[in-house]
Amino acid sequence: MSDSLLPACVLCLLALSALSSACYIQNCPRGGKRSQPEPVRQCPACGPGNQGHCFGPSICCGAGLGCLLGSPETLSCMEENLLPGPCETDGTSCGAPGGRCATPGICCDSESCVLDPDCSEDVGSHQTEDGVGLKGVSGEMLLRLLNLATRRQRPF
């Protein structure tokens with residue numbers, strides 16, 4: 001009798017474990033399965049006069065500022081990397097997964113920035129915080145400078 005009862009118990013146990021909504025070690029959210037999702041926080045300000053926002057541990061971009069990569073102004077962005085959750089930047093999504101339009105014509109993710117025409121919709125008349133408009137020529141110049149800066153930082 002015990003021989004016929006054992007397979008039934010095993011089958012019952014398997015059915016119960018399949019139907020359970022337990023939080024297993026691999027997929028538990030921080031704080032347990034009943035924890036609330038963490039609120040999304042804004043990425044910290046960076047750059048001269050805190051005009052930009054961090055896009056990665058060594059990337060600071062802002063209107064009128066362009067993008068600073070690996071410069072002393074990005075040190076505050078490295079501190080952001082030590083905090084427990086991701087931050088969110090303003091801008092529309094672009095380029096690679098996680099990419100955001102940082103400045104007109106430039107798409108950045110947490111590791112790099114690339115030129116992206118999807119971010120260029122308002123290059124001709126982008127207003128900075130101090131009210132100075134960036135015309136097409138100065139916008140193109142910023143894009144060229146960013147391109148030169150990223151070329152020099154690539155290891156050979």
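In case you wondered, yes, glycine gets a Cβ from its N, Cα and C as well.
Partner cysteine of C107, as given in TrEMBL, is C94 (from among C94, C113, disulfide bond). Which of C60, C61 pairs with C46 is settled by TrEMBL: its disulfide partner is C60. The disulfide bond recorded by TrEMBL for C43 reaches one of C9, C12, C77, C87; that cysteine is C87.
Here the candidates are C23, C28, C77, and TrEMBL names C77 as the disulfide partner of C54. Per TrEMBL, the cysteine from C61, C67, C119 that shares a disulfide bond with C101 is C119. For the disulfide-bonded residues C43, C46, C54, C61, C67, the greatest number of Cβ atoms within 10 Å around a candidate Cβ is found at C61. Within 10 Å of C107 (disulfide bond), as judged by C-alpha distances, the disulfide-bonded residues found are C101, C113; the full candidate list was C43, C54, C87, C101, C113. Within 10 Å of C87 (disulfide bond), counting C-alpha to C-alpha distances, fall the following of the disulfide-bonded residues C54, C61, C67, C94, C101, C119: C54. Closest to C77 (disulfide bond) in space, going by CA atoms and restricting to the disulfide-bonded residues C60, C67, C94, C119, is C60.
If you check the disulfide-bonded residues C60, C101, C108, C113, C119 against C67 (disulfide bond), the ones with a Cα inside 10 Å of its Cα are C60, C108, C113.
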